[in-house]
Amino acid sequence: MDDRLTIFIISDSLGVTARTIAKACIQQFPNHDNWQFERYSNINNKELLDKVLEKAKDKNVCLMFSLVDDDLARYAQERSEEEHFVYVDLLSNVIKAMSKLSGVEPLGQPGLLRKLDKHYFKRVEAIEFAVKYDDGKDPRGILKADLILLGISRTSKTPLSMYLADKHLKVVNIPIVPEVPLPKELNEVSPKKIVGLTNSVERLSQVRKERLRSLGVSGTASYANKDRIYEEAAYAEEVMRKLKCPIINVSDKAIEETATIILEMIKENQL
């Protein structure tokens with residue numbers, strides 16, 4: 001028999017949860033480096049289970065079952081008793097307790113935690129969209145977006161884009177810089193799809209100085225200069241006025257608070 005200590009992870013899904021539990025448990029033992037794992041995924045019938053148990057016969061093994069099918073879990077326990085294996089059924093007792101408490105029979109379907117539904121894909125698509133079109137990288141995204149955020153530097157455009165992407169919205173954010181022409185595509189979308197973001201000059205100066213320091217640059221650079229920020233803010237206000245888009249001052253607002261305001265706007269405009 002192989003003297004090494006082995007944990008067999010046996011699951012009718014991927015077995016990720018069971019492996020995480022097992023790894024957490026072995027940390028309690030000083031010799032945990034001597035343990036090894038073997039994971040057997042998608043073990044969803046007795047024939048497959050028997051093949052795994054056959055492999056366990058010649059090893060110093062602990063079996064960890066993560067089986068939601070009640071019949072298969074019961075069979076695994078019976079076979080383990082017959083072969084005198086050390087084993088743990090991770091799910092059966094928990095599922096039975098929940099069923100007893102709720103009065104509802106469990107579905108017995110493996111992999112439900114990891115099933116990818118349309119909402120998941122929509123969220124991922126929105127996040128990828130936000131990354132692709134962040135900071136005006138590609139103005140073509142404006143015509144594809146659910147929402148366009150405009151603002152000068154450090155007005156929370158990127159974190160807002162990502163937060164709203166988590167709500168399944170495809171968001172483009174465009175920086176406003178006096179010396180840089182705005183994308184012509186902005187004139188081709190409804191003002192209701194555009195939101196302008198502003199901030200107080202004092203707050204912008206403070207945030208920009210902190211940003212420069214984090215980059216190892218002097219806080220006296222023009223980027224953080226109040227006169228420069230006044231110039232940018234005035235230009236941005238003029239742009240937003242011409243576009244006739246709503247404007248939100250993000251000063252002293254959490255990302256979640258600003259996002260809630262935007263979501264309410266979208267709801268009102270039925271976009």
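Note that Cβ sites are derived from N, Cα and C of the backbone, with glycine treated the same way.
Residues annotated as ADP binding site in Swiss-Prot: G151, I152, S153, R154, T155, S156, K157, T158. Close to I152 (ADP binding site) in the fold, though at least 6 residues off in sequence, lie P175, I176, V177, T198, L204, I229, E232, A233, A236, each with a CB less than 8 Å from its CB.
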For T155 (ADP binding site): DSSP state (helix, strand, coil): coil
Per-residue Cβ crowding (10 Å cut-off), top of binding-site residues S153, T155, S156, T158: T155
All-chain count of other Cβ atoms within 10 Å of K157 (ADP binding site): 25
Number of Cβ atoms other than its own within 10 Å, given for R154 (ADP binding site): 22
